[in-house]
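Scroll down for the structure; my scribbles are underneath it.
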Ligand SMILES: CCCCCCCC/C=C\CCCCCCCC(=O)SCCNC(=O)CCNC(=O)[C@H](O)C(C)(C)COP(=O)(O)OP(=O)(O)OC[C@H]1O[C@@H](n2cnc3c(N)ncnc32)[C@H](O)[C@@H]1OP(=O)(O)O
Ligand SMILES: Cc1cc2nc3c(=O)[nH]c(=O)nc-3n(C[C@H](O)[C@H](O)[C@H](O)COP(=O)(O)OP(=O)(O)OC[C@H]3O[C@@H](n4cnc5c(N)ncnc54)[C@H](O)[C@@H]3O)c2cc1C
């Protein structure tokens, strides 16, 4: 029995040959990733979707214009809501999430922000009475909501948001108002044409005094006619780099009145007579952002693993050039350069996916504490997520782009599926906090860590390595030190020395009289680097711990190869930092590189099986190059022929414009 469960008759023999080489069971690896029964449920859901034409696209979605894309996704949403509960358990986020991926792909769907931000904002920030009133209605989809925070003029600097919510004691209402053009809400997903309610973030004013940004539930469209409510101007912001199935929108309030109880009041409150009670932590109204930052890690990793699936499968059916003259053309995956760009992408995908689970669990634990008023760990969580969303979004983007380029010309075609994946994924560098800004949020926490250490104060578990000053020599190759440990210690050194250096520079500039703010800005690039090195260390440690916990020997061994490749790649990529302070020499860095190249060879026979085990169906993959059966060329031809430009032999536009020009040119002869 072959260990790879995806072998089928009629597949491209080049890909079948790959699957026969598997040294671990792909089904067992799938169970390790998803757990049981989810691994099996995902397969059943995928199979059910295939039987229901109303859930499938009539033609490749990339051939459609925006209006049709949006309409299609709305039509399919209704089909999912009507029949979806026959296919999956709606109370399981994982099952529903899988169904959504199958039916809609990555480019957005009408309920994405409803589920990802609107509901979580209510769940975390509404008091019990409000939650009881709003959540059941929102869950039944009696209305669709979104999260309207960003404005035309400000997205990052939330303290400068201009939308106001002024309390009117007389009527016990808030008046929501957009005072300037730059105060228009701008960007919220599904706001343009879909949502009829928003959680609006606005500056709270009582008796002329500002209390900072707070969240309010505001109805923006009529529940029966979907027409904008009085005082509301709303629309779609236009086409974007990606996510064009999503109607990101703009919104203006013109003195819109809402009842006092529409302010989300779990943490901050305004009494009927206008008395304000602040929250136990000033940033609790940022809770929905924290939720998305925690969830997006797995979403981004999922896209990397999809791109890796496509590029690795394709690289086994594409033959180009010879390694040894006369021996025939090889699968392009035989080239070391191809393995390097693809297996490192695969390793990052697995690392981020598995670490993403840990981040989600940590978030859930701390969110529960916060719900009960314990905010002790909120700063740790905020710092971690700020770094994680930045590293994972950016490095995933680079990995996906490598996968695309690794497919040569066909990677540039939408037939590969990768351009759209890249466009969707890379938005993660911007949304939920622009990366440079978020890295600096984390850097504040790291600098504080060094100061605490200097004052003999206790450090959180995450920062304890900062105290390990005896780790000052690279121990690769020493007896008693295995590769993994040596690499983790090297990453600890890189992070510690980088954070120490930049903190010392900040301190010295301030000692010379520079203001804290100016000293910070003069070192901002180095501060973001410190933040990156810390986060990459955290990911590495967390990934290692996750792999060590695997009980199935064959699966642990398969993922150990991926872990070691990840660690060697991270260390090589940051090796310049190893030279600072003389931690390592160039021979030692060469040893890490050699280990990395050996791992590429070791992973090569299992390459297709790793991505097969991740189990993304062809329906979800939406890629001609990444098809499970490897039958790429016939299907590329079919795909091209089916595109709307080929509906007529002679395009009407050619007849109208070019032919007269050419005929006129001929007649002038
Ligand atoms: C069921 C299935 C469903 C499946 C569906 C799947 C399909 C999904 C499809 C597609 C999904 C796409 C999803 C896209 C969604 C995108 C949505 C958005 O983008 S919403 C907008 C986001 N906006 C931002 O993120 C703004 C960024 N700005 C900020 O967060 C803040 O302004 C910040 C942090 C930059 C500064 O905030 P300050 O000005 O209020 O605070 P300062 O003065 O700098 O800091 C004071 C202290 O507060 C801490 N702080 C700041 N934020 C904190 C926080 N959140 N928690 C705890 N502490 C925090 C700081 O660390 C600092 O601490 P010390 O003083 O150093 O100790
Ligand atoms: C696809 C997508 C979906 C979105 N969905 C939503 C949504 O559903 N709801 C919502 O409310 N918003 C949404 N947004 C908005 C998003 O959250 C903001 O765009 C994001 O927070 C960045 O803010 P900004 O656009 O103001 O960028 P800016 O802050 O203007 O950033 C521009 C540049 O200035 C730099 N910069 C800004 N401030 C600083 C600083 N203090 N220090 C150093 N550099 C700085 C940045 O690093 C960046 O290089 C979405 C955005 C996108 C792209």
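Even glycines carry a Cβ here, placed using N, Cα and C.
Note that this is a predicted model, so its numbers are computed, not measured.
Feature annotations, reproduced from TrEMBL:
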type: ACT_SITE; residues: 432; note: active site, proton acceptor
type: BINDING; residues: 150, 189; note: FAD binding site
type: DOMAIN; residues: 26-144; note: domain 'Acyl-coenzyme A oxidase N-terminal'
type: DOMAIN; residues: 286-447; note: domain 'Acyl-CoA oxidase C-alpha1'
type: DOMAIN; residues: 486-662; note: domain 'Acyl-CoA oxidase C-terminal'
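Feature map: TrEMBL annotations on the structure.
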residue: 150; record: FAD binding site; Cβ within 10 Å: 19
residue: 189; record: FAD binding site; Cβ within 10 Å: 25
residue: 432; record: active site, proton acceptor; Cβ within 10 Å: 24
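Residue 432 (active site, proton acceptor) and residue 150 (FAD binding site) are 10 Å apart (CA-CA, integer value). For the domain 'Acyl-coenzyme A oxidase N-terminal' (26-144), the number of residues in each DSSP class (helix H, G, I; strand E, B; coil) is 88 helix, 0 strand, 31 coil. For the domain 'Acyl-coenzyme A oxidase N-terminal' (26-144), the model's pLDDT averages out at 96.
Secondary structure at residue 432 (active site, proton acceptor), taken from DSSP and collapsed to helix, strand or coil, is coil. The residue listed as 'active site, proton acceptor' sits 12 Å from residue 189 (FAD binding site), taking the C-alpha atoms as the reference points.
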